[in-house]
Amino acid sequence: MAHAAQVGLQDATSPIMEELITFHDHALMIIFLICFLVLYALFLTLTTKLTNTNISDAQEMETVWTILPAIILVLIALPSLRILYMTDEVNDPSLTIKSIGHQWYWTYEYTDYGGLIFNSYMLPPLFLEPGDLRLLDVDNRVVLPIEAPIRMMITSQDVLHSWAVPTLGLKTDAIPGRLNQTTFTATRPGVYYGQCSEICGANHSFMPIVLELIPLKIFEMGPVFTL
C-alpha cells in the first residue's frame, strides 16, 4: 500500500504491475534525456554570442528533428502497446468474481461458489480497531488465492465507478449496463487496498476496496470469507 511522502509507485504484486513499473522507468529515462537536451540547448543559446545571419535553411537539422521524435515515440509506443494487450488477455481463469459498484459501496459475487453475494462497506471511524486503516478498511474483505489467474467482471448499478487496486496494476471502469472484465494473478499473500477511481458523487472517497490474498492451498481447502 502507499505510505506518507512516498515517491514512486507501489510495490508490484502481479506480473502486470511489474511490467508497468518497468515501462514507467523506461519512459521516465527518455523524458529525462529530452529535458537534458532541451536545457543544454537553452544554455548554449543564452551563453553564446556567435551568430550567423547568412543561414537560409538547414536540411540536416530539419531531418534530425523530424526523425528523432518519431523514433522516441516508437520507443515509447511499442512497450505500451505490449502491456495494453497483456492486460486484455483472458487465459482460462481459475476463479471469476463479479463486482458491482453502487453509491457508495461494492457488491461482490462469487459465481463459482453457489452464487455467494455480499456487500462491502467502508468501516466508519467508530468501528475501527487498532491496526485498521481509516477510510481504507471495510467490513467484508474479498478473499482470493494467489498464484491463480482470477477474472473480475465489473459493472455498476447507478453511476460511473472505477474498480482500482494499484499494487496489482488494476483499474477498470464500472459502467451501468456494461460488463467489463480484467484478469490478474497475484504473486504474494497479504492485504491490499484500492479505491473507487472515478468521481461518483458526494461519498466518492468512501468506497474502498480490500483484497485479502491467501495461499492457493488454503483457499482450495474452502474459501475463507470474512463476512
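Including glycine, each Cβ sits where the backbone N, Cα and C put it.
For reference, Swiss-Prot has these:
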TOPO_DOM  1-14  topological domain 'Mitochondrial intermembrane'
TRANSMEM  15-45  transmembrane segment
TOPO_DOM  46-59  topological domain 'Mitochondrial matrix'
TRANSMEM  60-87  transmembrane segment
TOPO_DOM  88-227  topological domain 'Mitochondrial intermembrane'
BINDING   HIS161, CYS196, CYS200, MET207  Cu cation A1 binding site
BINDING   CYS196, GLU198, CYS200, HIS204  Cu cation A2 binding site
BINDING   GLU198  Mg(2+) binding site
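Tertiary proximity for the transmembrane segment (60-87) is limited to same-chain residues at least six positions away from its ends with a CB under 8 Å from its CB atoms, namely 16, 19-20, 22-23, 26-27, 30, 34, 169, 182. Over all protein chains present, the Cβ of CYS200 (Cu cation A1 binding site) has 21 other Cβ atoms lying within 10 Å.
Non-local contacts of MET207 (Cu cation A1 binding site) by the CB criterion (under 8 A, 6+ apart in sequence, same chain) comprise GLY101, TRP104, TYR105, TRP106, MET122, HIS161, GLN195, CYS196, CYS200. In the three-state DSSP assignment, the secondary structure recorded for MET207 (Cu cation A1 binding site) is coil. When Cβ-Cβ distances below 8 Å are used as the criterion, the topological domain 'Mitochondrial intermembrane' (1-14) is approached by residues 20-21, 24, 133, 136, 166-170, 184-188, 190, 192-193, 213 of the same chain, each at least six residues removed from its ends.
Summary for the binding-site residues HIS161, HIS204: the Cβ-based neighbour count within 10 Å is maximal at HIS161. Counting only same-chain residues six or more apart in sequence, the Cβ atoms lying under 8 angstroms from the Cβ of GLU198 (Cu cation A2 binding site) belong to LEU160, HIS161, SER162, ASP173, ALA174, HIS204. CYS196 (Cu cation A1 binding site) has a Cβ environment of 25 other Cβ atoms inside 10 Å. Cβ proximity to the Cu cation A1 site centre (mean Cβ of HIS161, CYS196, CYS200, MET207, cutoff 8 Å) flags the following additional same-chain residues: GLY101, GLN103, TRP104, SER162, ALA174, GLN195, SER197, GLU198, GLY201, HIS204.
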